Amino acid sequence: MYYRDTWAEIDLDRIQHNVSRIKQHSGFEHLYAVVKANAYGHGDVEVARAALEAGADMLSVAFLDEALHLRRAIKDVPILVMGAIRPSDLAVAAEMDIDVTAHDLQWIEAALCYEGKPVNLHLKVDTGMHRIGMTDAESVRQACELIDSHSQLNRVGLFTHFATADAQTRAGYDAQMQQLERLTAEVDLSTFRYVHLSNSAALLRFGVQSGANTGRLGISMYGLPPSHDFELPFELEQAFSLHSRITQVKTLEAGSAVSYGGTFVADEPVRIGVIPIGYADGWLRYHQGRSVEIHGKRYPIVGRICMDQCMIQIDDSVQVGDQVDLLNDNLRVEHAARDLKTISYEIVCSISDRVPRVYKRGGVVVGERNERFRPDLTGDV
Ligand SMILES: *Cc1c(COP(=O)(O)O)cnc(C)c1O
């Protein structure tokens, strides 16, 4: 239930199409659906369920809080926290069956003090991203030895992350693969149940690496290309769209200015439509000057975007109550990203939880979530 005329639609069929197509294309035995950041703004539980139905068999997130939120709704599926958790939170993770990341020796030494229900660890090796992870072969060897010496710590996974898998050339990817070989020279990869290297870009481009059996699928599951620097092997289906409705229509005389700062001045009489979406919804001020779509026709956003509303220059065909599309199959997320000099990830992650999410299957609404005001899910998605 929500009481405003702005909403995001998430097409779960499209998410499922993308997951099964990419899984088949990549050839991996296992697949993590990456649902961090509330599934890139799409809704963590709904997307996770859809992805699991479509062939993903595990879930991964960035933080323990995200994992716990998912675990309340989804049992019996491995959930991995890819970021670093505090060693003092191992009991919380173990209690809820959350797998965690062991990213350096100091962390592992602290984890050796953990006594409690056994917890699954994935070793993170840094092959060139230079974020978290172990950077030398001796640390990786010692990490394995230390973990194996402690019966409460299960060594189940090993992973790394590519910094440039979406770049024009594969040189950076190849260099990281070589570094992985060096870093794991002293360990037997077959002693890990899951070895996972690939993000979306690598899943789309590079196939199964020797020793690996799992990938981590993020952005492309949502139907968004990781970058414009390589050609997709097949089309992805954008699952996210953003909509509003005209609140008021007014005609302004020539010379009238619109919104804060009066940055738009009408040079002739103009018709203006107001819509209830603004930068507090993640519809950032940078969108000023870009277009929206009403009945399939484009109209520009004029004047500054306010916190809760913005204005559109319309024609006589537009009336109060008409639907306004801000993102759809024509107004694509990747185009908004290009216009704002950013990436698709940032566009969808920015849409705040003040905007209700409506879920569709087979073209009909199957549920909705209004996280900010009514955190319970309604419907059967
Ligand atoms: C976010 C993330 C992913 C997913 O990356 P995409 O480019 O969205 O596919 C995979 N692995 C790690 C460690 C991540 O942080």
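Glycine is no exception: its Cβ is also placed from the backbone N, Cα and C atoms.
Because TrEMBL annotations are produced automatically, they should be read as predictions rather than curated entries.
Feature list (source: TrEMBL):
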type: ACT_SITE; residues: LYS36; note: active site, proton acceptor
type: ACT_SITE; residues: TYR260; note: active site, proton acceptor
type: BINDING; residues: ARG131, MET307; note: substrate binding site
type: DOMAIN; residues: 239-360; note: domain 'Alanine racemase C-terminal'
type: MOD_RES; residues: LYS36; note: N6-(pyridoxal phosphate)lysine
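Annotated features, which come from TrEMBL, shown on the structure.
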{"residue": "LYS36", "record": "active site, proton acceptor", "CB count, 10 Å": "20"}
{"residue": "ARG131", "record": "substrate binding site", "CB count, 10 Å": "12"}
{"residue": "TYR260", "record": "active site, proton acceptor", "CB count, 10 Å": "12"}
{"residue": "MET307", "record": "substrate binding site", "CB count, 10 Å": "12"}
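Taking H, G and I as helix, E and B as strand and the rest as coil, DSSP gives the domain 'Alanine racemase C-terminal' (239-360) the counts 23 helix, 45 strand, 54 coil.
ARG131 (substrate binding site) and LYS36 (active site, proton acceptor) are 17 Å apart (CA-CA, integer value). ARG131 (substrate binding site) and TYR260 (active site, proton acceptor) are 41 Å apart (CA-CA, integer value).
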